[in-house]
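Per TrEMBL, the features are:
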- CYS512: active site, nucleophile (ACT_SITE)
- GLN378, TYR407, GLU428, ASP484: S-adenosyl-L-methionine binding site (BINDING)
- 119-129: compositional bias 'Basic and acidic residues' (COMPBIAS)
- 41-114: domain 'RRM' (DOMAIN)
- 118-143: region 'Disordered' (REGION)
Amino acid sequence: MEEAIIDGVKKGESLEHQTDVADVNDEFAYLQRNEFTSEVFKIEVRNLGYFGIGELKKLLRNKLKLDMSKIKSPTHKEFAFVCFRSQADQQKAIKILNGYKWKGKILRAFVAKASADPLQKKRKEENQSEKQTYPANKKQRTSAEATCPLAGMPYEEQLKQKSSNMEELIKTFKGELTKINKSASKPLEDFKFEGVEPSPQITGYRNKNEFTVGKNSAGEIVVGFRLGSYADGSVEVSEVDHLPHLPDAAKWAARTFQQLVRHSKYEPFNPETNSGHFRQLTVRTSSQTKEIMLMVGIYSSNLNATDLEEIKSELINYYDTRSGEESQFTCTSLYYQDVKHREAGQMVSPIEHLFGATHITDNIDNLEFRISPLAFFQINTAAADILYQKVIALAQPQLHSTVLDIYCGIGSIALAFSKHCKRVLGVEIISTAVNDAEYNAQKNRVQNCKFYAGNADDYIQSMVKEVVYDTAPGEQLDLIAVVDPPRAGLHNRSIAAIRAASAIKRLVYISCNPERARLNWIELGRPESKQYKGNPFFPKTAIAVDMFPHTTHTELIVLFERQMENLLEENSKKTEGNAVEV
């Protein structure tokens, strides 16, 4: 048998030995770093045919009891890479999967070579010298070009460009859906796009910013924005003082933290070698209360307990004893965040409160919201007022309506809806955000909102059941779903749950990444199938709100209505004992 190569390391040769001879400029040197990477124990599975990631996960985890860490498949057909946390798990998977029959096909499984480090690969392709020191990349674009490329354009022109982009995206979506579902042709004729609503505030509007600690082209330590992605060969960081979309408080935070790092004995994090310590700074600000929350991200893999305590003390002493360069800015809340490779099942990097308040407060639609460090809150507070008004107007809730707020965060959408409907049920995976939502409901004296902590995929059907069975026979049932998912969009399981819940007649989809959301919209409108039970949803109206002036991004709201054909018989079941399928 050939000598096996496991991601660039010879079988039987220890990683420790490999580290002794590792070249930091080698494309596979990252495999010998002091922290786990899913590339170390990877296999390739062939002859899969067409498949869904979800069904492959179900096969591997539930049926075959394989303890995998990640699945990667560029095309979702024929092959996939499956990563494990140990060589024993890797070899077990190969033994089980090689020759296994699935969906009528005989699978092949074997050890896969690790992917090359994209930064080093890019540099190698550009024939850069291996002796060149950090930062070893060509001159990058400016931070303004990287983060707010439309800043040089009059705001009216920005809105026109964004409106044109949304019209083109909607046109593409309509063509794609029509090919998949011929019955969508007629409803799509009436699908209207109502343009882009401008932001009331176009400068200094971002209430949350994540800054990177690194070095600029001159090798100076900088707290700012990366000028490109690691995969594109960029590690350069640029200062942010001149950027129009950042508030002065955030600029102050970046500038003062930069001073701290420059004078500290601890180094900025270097992504090329996974060395150094200061990695990032997250800043949350409130225009209402002038509060400033800082979360300092530290790479702790190469620090001992004494070092960590010293860094935390350094942070506390620095911020607790100063009011900043400008007296109007003060850090009111300070957190330490441990930013390294996440453990299995870990959703976010853990945080530790160091001093000051535990939350900050802001206002939307005359409602006051307490915001915890990791909770989602609309990035442009002023424009969020308009966003929620438009969402409510499209949803058209009645006093007997129930709203499902899927991905509810700290409850901002739920509370905005509360005065327009009978009740709101919200679900959010971050438990601290749910605590905020419950607190915010009490603070604003809202009594018709209920929140659940958990994965939306698992809670949609149970929330629908609760609404249906709490509705008295003969009582009118009007159930509206509102989804405001992360940039990646809804998971297929969530779409399947919404499709299967025939009690949901209207769906409002809010997206900060419409291009990605378009894939969800197609799944909502597909013909009924084994995967997607229940009649499809077709779009009725769309409107954009410019939450991100000076950037190419915009928020898009789309109202979907379920195809009503064949639903009258289902609705009649409700009046016969609340037996509606949920």
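Glycine too: its Cβ is placed from the backbone N, Cα and C atoms.
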Given the S-adenosyl-L-methionine site GLN378, TYR407, GLU428, ASP484, its other Cβ neighbours within 8 Å of the Cβ centroid, in chain order, are PHE376, ASP405, CYS408, GLY409, SER412, ILE413, PRO485, ILE510
Around the C-beta of GLU428 (S-adenosyl-L-methionine binding site), how many further C-beta atoms are within 10 angstroms, looking at every protein chain?
28
Cβ packing number for CYS512 (active site, nucleophile), 10 Å threshold
18
How far is it from GLN378 (S-adenosyl-L-methionine binding site) to the residue listed as 'active site, nucleophile', counting Cα to Cα, in Å?
10
Taking each of the binding-site residues GLN378, ASP484 in turn and counting other Cβ atoms within 10 Å of its Cβ, which one has the fewest?
ASP484
At its widest, how many Å does the recorded S-adenosyl-L-methionine site span between Cα atoms of GLN378, TYR407, GLU428, ASP484?
15
Please report the number of other Cβ atoms within 10 Å of the Cβ of TYR407 (S-adenosyl-L-methionine binding site).
21
Helix, strand and coil residues within the domain 'RRM' (41-114) as assigned by DSSP
22 helix, 31 strand, 21 coil
Tell me, in order along the sequence, which binding-site residues from TYR407, GLU428, ASP484 have their CA within 10 Å of CYS512 (active site, nucleophile).
ASP484
